Amino acid sequence: MSSNKKLFIQTLGCQMNDTDSQHIAAELEKHKDYSQTDKMEDADLIIINTCSVREKPVQKLFSEIGQFNKKKKDGAKIGVCGCTASHLGRDIIKRAPYVDFVVGARNISKIKDVVDVKGSVEISIDHDESTYEFATAKTNKYRASVNISIGCDKKCTYCIVPSTRGEEISIPIEMIVDQVQKSVDLGAVEVMLLGQNVNSYGRRFSDGREKSTFTKLLQEVSKVEGLERIRFTSPHPLHMDDDFIEEFARNKKISRCIHMPLQSGSTEILKAMKRGYTKEWFINRATKLRSLVPDLRITTDIIVAFPGETQEDYEDTLDVVNQVKFDQIFNFKYSPRPGTEALNMKEKEVPDEIGSKRLIDLIELHKRHLEAVMPSYVGQTLNVLVESLKPNGEVCGFTDNYLQVFTSGSDSLLGKFVNVKITSNTRTSLKGEIVE
Ligand code: SAH
Ligand code: SF4
Ligand code: F3S
């Protein structure tokens, strides 16, 4: 069926929002005759899939939709989806009356039913999407993303996500395996398993079946023939038990790059954040992983200036950074969020200039680490999955431990594994020549 209506989607936020956007696009294409455009001015329907995790993206929502409304084609509709839709709901239409509908992050599967209903707001937080068949989402031809759970049962005191995505429900194992298989049939060699807390997988299914575990899921997914690489995000350091770590080390299909969101290196602050682990536990888990997986790369998320964070607490964070030597850090300055417990700690909030200074110093420390470690790859031969062709004729791909590598080549290499001898580096990527 040829589509004549055009859809423009802008996605803010995390990888889960990316997959949600792809699902929205697939549903509207299948049931409502829309095809996607990357030109907002051409669109008959404009959707912004929002993030609420910090205040900045929320402000961005209102400035963006204001612009969309000014520049959109006559008669084009505007819809707001995602996490900010969940927590602001009808207030979005009150503040921006030109918005046609609002669909929360836990109601994405309802998109085709609301798109033509002016003024509709679907934000129920207990909607069960765990057995809904989401469209196969792809980052590129070779990498697919598959949701393994919805929602989050943690109550980290700074975090708005549990109130925008609701309680955690695991997606049945056979649905996940089936979706991985479908992605592989369509050419994917790598899969990214997605959830807010992937390694608590299996504690609750909506059909009341017996509990399962993330380790079991990894074992089942890795049986899919033709699948070469499994990645997942985000695991919670608290649930990194020995079983999980041993499976991670043993299972050859699992990428040797793991995300370990530290948040803070201070046991006191971790307690105030309700993260459930201590500085020592985190270091112990990272050390065990590094000892079993020699070329492991570890990425992390860190929040500085959480209420009550003293200089000493901050130095504990730097100490963990120095000991674990993260390969990538996503740094954030604490941002107070509506409805979270940390809002009650207002009197302990850290002055903004101290927060900014801590952020800058942390970024500097990490830069120095990267400057020391990245040149050590020069001279090594690394196995790379080539996944894109750059406008300058180079191809780009990732190693199994997720280092980005550029080399000269052509589109005949796409989707193939090649050995690359590294000749130079930047702080975040490597360059080299293909060898046999
Ligand atoms: N479920 C994931 C995190 C999702 S939110 C996990 O637990 O790892 C992504 C990151 O945003 C978090 O890891 C945290 O570092 C950051 N974040 C969440 N709430 C924040 C807030 N109020 N202020 C600043 N950063 C925040
Ligand atoms: Fe937020 Fe914590 Fe859940 Fe992650 S685990 S989504 S940080 S509440
Ligand atoms: Fe993701 Fe942002 Fe929601 S990080 S879960 S889109 S608040």
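Quick reminder: no glycine exception, Cβ is built from N, Cα and C everywhere.
Going by TrEMBL, these are the annotated features:
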type    : residues               : note
DOMAIN  : 5-120                  : domain 'MTTase N-terminal'
BINDING : CYS14, CYS51, CYS83    : [4Fe-4S] cluster 1 binding site
DOMAIN  : 138-372                : domain 'Radical SAM core'
BINDING : CYS152, CYS156, CYS159 : [4Fe-4S] cluster 2 binding site
DOMAIN  : 375-436                : domain 'TRAM'
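Locations of recorded TrEMBL features on the structure.
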residue: CYS14; record: [4Fe-4S] cluster 1 binding site; DSSP class: coil
residue: CYS51; record: [4Fe-4S] cluster 1 binding site; DSSP class: coil
residue: CYS83; record: [4Fe-4S] cluster 1 binding site; DSSP class: helix
residue: CYS152; record: [4Fe-4S] cluster 2 binding site; DSSP class: coil
residue: CYS159; record: [4Fe-4S] cluster 2 binding site; DSSP class: coil
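Cα spacing between CYS152 ([4Fe-4S] cluster 2 binding site) and CYS51 ([4Fe-4S] cluster 1 binding site): 15 Å, rounded to the nearest whole number. For ligand 2, the nearby binding-site residues are CYS159; that is, of CYS14, CYS51, CYS83, CYS159, these have a C-beta under 6 Å from one of its atoms. On the backbone, the CA of CYS51 ([4Fe-4S] cluster 1 binding site) and the CA of CYS159 ([4Fe-4S] cluster 2 binding site) stand 12 Å apart. Around the Cβ of CYS156 ([4Fe-4S] cluster 2 binding site), 22 further Cβ atoms fall within 10 Å across all displayed protein chains. If you take every residue in the domain 'Radical SAM core' (138-372) and average the pLDDT, you get 96. By the rule that a residue counts when its Cβ sits under 6 Å from some atom of ligand 3, the binding-site residues CYS14, CYS51, CYS83, CYS152, CYS156, CYS159 yield CYS14, CYS51, CYS83.
Between the listed binding-site residues, namely CYS14, CYS159, the fewest other CB atoms within 10 angstroms of a CB are found at CYS14.
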